[in-house]
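Q: Let me begin by handing over the structure; questions about it come next.
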Amino acid sequence: MGETVLKLPALDYAALAPMLILFFAACLGVLVEAFAPRGWRNPIQLVWSLLALVAALVAVVLRVPDVTAENAQTAVAAVSIDQAGLFLQGAILVLGIVSMLLFGERTLENGGPFVAQAAITVGSEPDRRQAAREPGATEVYPLVLFAVGGMMLFVTANDLLVMFVALEVFSLPLYLLCALARRKRLLSQEAALKYFLLGAYASAFFLFGVALVYGYAGAVDFRTIHTAIGAGTGNIVLLLIGLAMLAIGLLFKAAAAPFHVWTPDVYQGAPTPVTAFMAACTKVAAFGGLARVLYVGFDRTAWDYTPVLGVIAVLTMLLGAILAVTQTDLKRLLAYSSIANAGYLLVGVLGGGREGLSSMMFYLVAYGFLVIAAFAMLTLVRDADGEATHLSRWAGLGKRSPLFAGIFTFLLLAFAGIPLTSGFTAKFAVFGAAMGGNQTWLVLFGVLSSIILAFPYLRVVVMMWLSEPGETTPSVSIPGALTSAALMIGVLVTLVLGVWPSPVIELANSASDFIR
Amino acid sequence: MKYLSILTLAPLVGALVVAFVPRNKPQLAKQLALLVSLVVLGVAVAAWFAFDSGDTAQRLQLQESYTWIPAWGAKFSFGIDGIALVMLALTAVLTPLVILASWHDAERSKRSVPAYFALLLALEGTMIGTFAVSDVLLFYLFFEVMLVPMYFIIGSFGSDVPAKQRQYAAVKFFLYSLVGGLFMLAAVIGMWVLGGHTFDWQTLTNAEFSTIAQRWLFLGFFIAFAIKAPFFPFHTWLPDAGGAAPAGAAALLVGVMDKIGTFGILRYCLPLFPEASRWFAPWAIALSLVGIIYAALLAVGQNDLKRLVSYTSIAHFGFIGIGIFAFTFQAGSGAVLYMVNHGLATGLLFLVVGMFVARRGSTLVTDFGGAGKLMPLLAGIFFIAGMASLALPGLAPFVSEFLVLLGVFTVNKTVAVIATVGIILAAAYVLWMIQRTTQGNLNPALADVAPMKKDLNLREGIIVAPLIVLLIVLGFYPKPVLDVINPAVQATLSDVVTPERADPAPATSTVEAGK
């Protein structure tokens, strides 16, 4: 004895490759900031980030056929890159690529949507200089890469501590990104500060939950927690309070009521590309993580958490829908609709089993593309002050720009869950899963909130088509190639998933398996 | 031949093509839309002859099936029974006439003409879709998507009412229908989970649902259909929508779209949930009776022509309702025949009212008066349409109304007697409407309105002629339609009623009774 051998954990680099690619690319992106000439940074960063995301996606896809129950877990079972994890990672990457296109848009507004430095005020000399020739903050690209990498780790973390680290890795870049809007600066900075403060609270809750669960199970990895709950020897109070605190941290990110209050402010204040990115990718990450915690670690307490989370789901759906009715700003309206959608996702999760998981994953993909397309549309309606997001300003847009209004109407119908759009198939999937899991009451509340939620969407349609254009109706800008591409992808996916959802449903079905 | 998929897809493809006709070529868009609707009519006629109405024929015919979402057990599958066939034919007959009648409507609203005709075709395609499919999810899909074209037709192209009122009517229509649709969605999902993850109608009719589950599922479907039809007390959207929509679209709205409600009850509620249907039948009959009397009273008091016709429809839907839920063969086939005849009669009435309104520029009864002196021909047709609406013997609606009352009388005399009061009220509102608009002394204000002096023109003659011919022919010889309807009604009722209660009235005797 006497000789202690410290064994290095075995790392399966093939499984970790997607994340490694992203983190490496992000670090290199920071170096580009330091060394590349100012004028070159934007194209370099954009191409580099897109390449990194695509490379990571390729790595994920290549990994799919090799995954087995035995080799899914790596790094001492701290990371579990299983089929569901790969599906979620792939979803985050694809949605990340599409929203990255919005980040790169520079033709809508000279100088882009991001401010170069937080202290620069609108209309000042440096701001004008940016409008003339500078690209604005190109740091956003590495920040997005870090965030995407963190999200990918988050959905595959098999251990509460790794999960916490991943949570911070993807949250911190998001806080920064929110503060970088070039227009309506104070709103943006206020949003970032709010998000940061509340996010820090949520993280603290999560960490405290980890500690309590450790007190219960004596470990932080899901397999041990699962076993400990099965044995039932620990102090149940520690377990339940610990799980509740974990859930608070996760539901905060998922924007579920009553932890949703940051959402409208942050969605409104953040630069619109960031909002799109958050609405699509953060949702995937948050629900992927939540599902893994509930399905893998704590599935044996399902009897305890299902009613509580059911109440939260109902609250989220109703609150999101009712408050959406009163909104007059489109970004806030979409924020409240995203809260309601968090409720629908939760309904799917509570359906339980493979169906619950696969319906949730399908919903995440469908909703992600839809919401990116919707926010991309918002970036197009502009006046001298930037984006015109007040509802009243959209009056009569249908007469001036029928194509724009037509596409946006289609997206709103998708939000409302009208058939032939992905909104319908996705809703059907989660409600079906919940009904199959004997959660009929959740479906009834889901239907009720859908009815309420249809009204605000319809109001926008009425505004665009049936109202007369006013003096101040803003113009619809011609989107640049990048925004057009993002929009086209979003709209097409929304249509295809509505008409022919089979391939994605089958993919989600075959991937709906967490490895414990 | 793949009749049903062609019938469903042709108008939808046509709508897409018409939508992309440049705005400065409105004439081309109109001609194209008319052509498409005539092609659809031709295919529908072919489908009518391909349909086998013999006693040994299959219940669902002209079936087609294509894969759609195998993971959910949903298919693009088509198949019609006799009830669906007559509704489909009604849609195919009415749409070209409505397109002709709407020839100048889009210009009046100063909106894009191709868009209007594209919406009309999209409406036709989705409505035919609801009749032609045999997959419940696909039915739900068409049922919901149908709202979108109608919403824009009412909201953007209604021209007889102020913009605010139009918007209100469009949103109210959409929300009411959506509420019903979402209840149905919950029921569809529930049925899918309990019925073994399939949407196939034929498979589901054999599924055994527990009593409680049946009642809830029935309720989900029934609320959707009762809002669509509409039955009292879900009816308040119809007068607004009917009043705000352009007259042609209103004819389609009341003539066909609302029938999807009663069609849905016959196709989905009764065969899928027979036990629950029996349990709810007294309630449904009560609602229908209230609808007959209440809507007729409101119709008597209306001063707006289009709203008046809408209210008369609600009353008529009450008759269809008691006919369906009486669960006798005569009442059932009477109710289905009523659906067809009402489509023709009220369609005609709406179209003629549209002609009046387009000339006068007002929908108010009091703005007319003695119009028959200026336009004897149009007034005469208005009179015929009105007589059809009050079910004058010799015109088609009489046969169906008589069959319904006869069938109801055999099982419940009280209901039949109360419903008869509706006939008297129908005479009151129709005759009063005709008297106040076309009879009596000429309203002096009319003399200054130049268009009021133009009687029926050729286009309008072409529109009304087929409807009047059909109303008279079916009034004397309803056999061709009844022959198609009867096996389907028999099959539907045998799902619901235990054999000893179904009175075995053969088809021929009902025809005798009809005459």
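Cβ atoms here come from the backbone N, Cα and C positions, even for glycine.
All annotation found in TrEMBL is predicted automatically rather than curated by experts.
According to TrEMBL, the record shows the following:
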- B:6-23: transmembrane segment (TRANSMEM)
- B:32-51: transmembrane segment (TRANSMEM)
- B:82-103: transmembrane segment (TRANSMEM)
- B:134-423: domain 'NADH:quinone oxidoreductase/Mrp antiporter transmembrane' (DOMAIN)
- B:139-161: transmembrane segment (TRANSMEM)
- B:173-193: transmembrane segment (TRANSMEM)
- B:213-232: transmembrane segment (TRANSMEM)
- B:280-301: transmembrane segment (TRANSMEM)
- B:308-329: transmembrane segment (TRANSMEM)
- B:335-357: transmembrane segment (TRANSMEM)
- B:377-396: transmembrane segment (TRANSMEM)
- B:402-432: transmembrane segment (TRANSMEM)
- B:461-477: transmembrane segment (TRANSMEM)
Q: Taking a Cβ cut-off under 8 Å, which residues six or more beyond the ends of the transmembrane segment (B:139-161) line up next to it in the same chain?
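A: Non-local partners: 15, 105-106, 108-109, 111, 115-116, 119-120, 122-123, 126-127, 129-130, 133, 167, 169-171, 173-174, 177-178, 181, 184-185, 188, 224, 228, 241, 243-246, 249, 253, 257, 260, 264, 268, 306, 357, 362-363.
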Q: Should anything in the same chain at least six residues away from the transmembrane segment (B:82-103) have a Cβ under 8 Å from its Cβ atoms, list it; otherwise answer none.
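A: Long-range Cβ neighbours of the transmembrane segment (B:82-103): 7, 11, 30, 33-34, 37-38, 40-41, 43-45, 47-48, 51, 53, 116-117, 120-121, 124, 127-128, 131-132, 246-249, 251-252, 255-256, 259-260, 263, 266-267, 336, 339-340, 343-344, 347, 351, 354-355, 459-460, 462-463, 466-467, 470, 481, 484-489, 492.
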Q: At least three Cβ pairs under 8 Å linking the transmembrane segment (B:280-301) and the transmembrane segment (B:32-51), pairs spaced 6 or more in sequence?
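A: When sequence-distant Cβ pairs are counted, the transmembrane segment (B:32-51) does not touch the transmembrane segment (B:280-301), since fewer than 3 lie under 8 Å.
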Q: Against which stretches of its own chain does the transmembrane segment (B:377-396) lie, if we need a Cβ under 8 Å and a gap of at least six residues from its ends?
A: 312, 316, 340-341, 344-346, 348-349, 352-353, 355-356, 371, 402, 423, 426-427, 430-431, 433-434, 437-438, 455-456, 460, 464, 468, 470-476, 478
